[in-house]
Structure formats: C-alpha cells, structure tokens
Amino acid sequence: MGYLRSSFVFSLLAFVTYTYAATIEVRNNCPYTVWAASTPIGGGRRLNKGQTWVINAPRGTKMARIWGRTGCNFNAAGRGSCQTGDCGGVLQCTGWGKPPNTLAEYALDQFSNLDFWDISLVDGFNIPMTFAPTKPSAGKCHAIHCTANINGECPRALKVPGGCNNPCTTFGGQQYCCTQGPCGPTELSKFFKKRCPDAYSYPQDDPTSTFTCPGGSTNYRVVFCPNGVADPNFPLEMPASTDEVAK
C-alpha cells in the first residue's frame, strides 16, 4: 500500500513538473488598484497596492501576454469596464486588451528550448512595468524595464485618458501597422524607444527587444510601477470600483 501511495505521489509530481514550465508572479506596486489581465491563461485579478498574483504557465504556452487595466468598475458578476486595457467588459479576460496598455509578452519552451519574452509598447503605454527572470543568467536573460514618464510626455496626437496610445491604432496604415511587409521605425515609435529602449516600439522592432532564458527552468516576475510611484499623469486615487469578485 505504501508503495502504491509513493508511486502515486511520484506520478503526481512528475505530472506537475511536466505541465508547468514557468511560474510568473505579477505584483502591483502602484499607489492605486490595478486589474491585472493574462491571456491565454490566467484571466484576470484585482490587485490592490502591494498584492501579488501567481500564474502557472504550461510548457509550450505562446502568444501570451500580461497587462494592467486601470480605472475599472466591475459588478458582482465580473462585468463592467476599464479606462485602459479593457478586454470586452469582463474581469476574466479571454481576449486581448484594448489599447493603450503596456504589455509583458512571452512564449515558453520554443526554439532551442528557450523562453522568448519582452515588454511591448506596440499597443501603447498605460502603466510603468518591469519584466524579469527571478534568477537572471548569461546573455539576454536579465531584467528589462519601461518606467519612463511616457504618459506625461505623450505626443498630443497619441494622448488619451489614462495612457499614451500607439500610432497604428491612432492613424492606421502600413507605416505604423506593418501589416503588409517590412517596415522601419518612425518618429512616433522613436518617442517610445528613446524612453524605453528595452521595449518593442513598433511591430518589427525584434533585434533590440526580444529576450531569452532557458526554457523549463526559469520563473519570472512582472511588476507594475516598480519604482513604487504613480506616473504624473495618474491621480493617486483611481475611480472607486464595485469589483468584489476577484479572489
């Protein structure tokens, strides 16, 4: 009987080890509530100042993103809206957020058993962010940051309530959206790149903006407002929420 019990425990541990490739801790360090979102796994979670949310990401997860939503109000059924990053009016996101939103993107155990990850401003900017492996290693496996005063310095044409929008959403066209072949940086993408050199500033900004860590052995941390202060464009107190359903 003890042998069977031990075998069951070993099998369970093996299953868990196989299933989860990375643990991602999401922390809100902002002096206001952030409603964190994560797809294709995780959904959403209300994070008051200092709170964390742990996401267990399976092997092979790709096209994944984590972002923060601001100015949200949700009812007891988890329905409502957010000023930035809204994902169809629900607390538990299943689709991507509405720009502008600062993105942490990742794909686990891909080519050469590497994790590929980045911070992206291709959808614009709403919250300062750090994305980092919990145990950095050689090469491009180290913390990256986007903590500049982008909302406060946002060009007038891109400025929207709660954030700084992206040129593609604002103007459209190949020059900014890069949907019909190769494209290069623009004056507007350079605005973002100058302030956050680690981050994607336009869709084909890969050479300077993609980072890698060993797959299957690296965990990560995403921090909103890593410096612990609000961007000057944010009030210290965001609008009150009726969201009481996040656990």
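Just so you know, glycine gets a Cβ as well, placed from its N, Cα and C.
Heads up, TrEMBL stuff is auto-annotated, nobody curated it.
Residues or ranges marked as disulfide bond in TrEMBL: CYS30-CYS225, CYS72-CYS82, CYS87-CYS93, CYS141-CYS213, CYS146-CYS196, CYS154-CYS164, CYS168-CYS177, CYS178-CYS183. Residues or ranges marked as signal peptide by TrEMBL: 1-21.
Each of the disulfide-bonded residues CYS168, CYS177, CYS178 was ranked by the number of other C-beta atoms within 10 Å, and first place falls to CYS168.
Taking the C-alpha positions, the distance from CYS93 (disulfide bond) to CYS164 (disulfide bond) comes to 22 Å. Between CYS141 (disulfide bond) and CYS177 (disulfide bond), the C-alpha separation comes to 28 Å. By neighbour count, meaning other C-beta atoms within 10 Å, the densest spot among the disulfide-bonded residues CYS82, CYS93, CYS196 is CYS82.
Look at the disulfide-bonded residues CYS154, CYS225 and count other Cβ atoms within 10 Å of each Cβ; CYS154 has the fewest.
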